[in-house]
Amino acid sequence: MISWYNIIVIFLFGLVSIFVNIEGRSISQFLNQESQGTKWAVLVAGSNGWDNYRHQADVCHAYQLLKNGGLKDENIIVFMYDDIAHNRENPRPGVIINNPHGNDVYKGVPKDYVGEDVNALNFYNVILANKSGIVGGTGKVLNSGPNDHIFIYYTDHGGPGIVAMPSGELVYANDLVNVLKKKHASGTYDRLVFYLEACESGSMFDGLLPEGLDIYVMTASEPNEDSWATYCGEGTPEEPCLVQCSPPEFQGVCLGDLYSISWMEDSDIQDRTADSVQGQYSRWKIRFMFFILRPKVANRTAANITHGSYGSHVTEYGDIVVSFDSLAAYMGENFKNHSHDSVDAKSFSTSSSRNVDQHSTELFYLFAKHRKAPEGSNEKYEALVKLNEVKSQRSQVDYNVKHLGELLFDVEKGNEVLNSVRPARQPLVDNWDCLKSYVKIFEAHCGRLTTYGRRHVRGIANICNAGITNEKMVAMSAQACSS
């Protein structure tokens, strides 16, 4: 979270903004007084499967936005499983879109790391420019220099203290922050901006990312909050699409994520040389402090909450002073005829289409698949079987974790201990090795945690925080999941 130091910086920047305009120079001129190093980007879609369409659509859109902004392919590193464009379920073979009326964002996207090469170790080694540690892929790494600006965008499923990868181990918060610390210690960048889209994404940095690394992070949600998918399926009288529905052939999938399409559609329509990263975060212009001028990412993402629908609270971490750099310093400039998925400002100023929390997108997909299958067909029967199987798995993991808590802390306190949330600026867990070990113990006895099941990582972290021994965790996990 942002400290009092950063709050003071906001106030001072407001004064500077006023001074700059008094002196006859525009704020855009002030924003553009930045180092002229190379712009680098790392784009990561950490999932696979047709029901996760949106993550790769987000990354492809981000690539087109940066490419149009003048970044070179040699400086953009893309991680995506690449199983969507040519998926047998894709109604538009070879094409990926990121909003209902968007153009193809897949064409031209580099295939740096695909399939099994999309994993945590390759991700870490790319950031650290450790080419010898890369397995597979093109071998492209973040070979940045001391004057360079870096933009990292990661979109995926998450859980408390984790984000997923389609292969290999999870990305744990402490490992990611340690990699960023190492990158800073190497002296190979000037400033770094990191956007993270995932459930509980704030938990990846809260209480872990120190100030002074010249890193600014924006997350889609707070540490204990879901993020949301958008442009999902068809509307109903009960749940209408607030602006526009997905094309009918895309029933059951979401074309984008709410936070992700918010920052990208904003970047498509704003003058990136005149607008700052901080300006994208908030609808408030800092120099006016109290006047709403135009919609921004944080407000669009949260608007669904205030209007009685769904959304999350975009959150900031790290060095807020970095966020006063122009968007162009990381994303390049806007150019005419650039649109791949841009929308007009009026569309951006309102709520998005139908939204689904990321933990529920699998069920959303399966419900739609069952609904649209012909009556009496094998396809309808198989969809129903799969739907019931997933619902049963969810109920089972919920029961297993609840039972484990009761065995460890008794019936009265188990649920309270497992679901307790630590105060802001305090990391999820004190001992990350304990958390990693206990997750593996639980999975050994109770089955691998699915995208849905990973929401229970907070409970396992709280077991570590309570000082439960390894021996007791093994014994009680075996007992909890044997009944």
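Cβ coordinates are placed from backbone N, Cα and C, and glycine is handled just like the others.
Here TrEMBL flags HIS157 as active site. TrEMBL lists CYS199 with the feature active site, nucleophile. Summarising the annotation, TrEMBL assigns domain 'Legumain prodomain' to 386-481.
Taking the C-alpha positions, the distance from CYS199 (active site, nucleophile) to the residue listed as 'active site' comes to 6 Å. Of all Cβ atoms in the shown protein chains, 25 besides its own fall within 10 Å of the Cβ of the residue listed as 'active site'.
Per-residue pLDDT, averaged across the domain 'Legumain prodomain' (386-481), gives 95.
Here the domain 'Legumain prodomain' (386-481) has, by DSSP, the following mix of helix, strand and coil residues: 69 helix, 0 strand, 27 coil.
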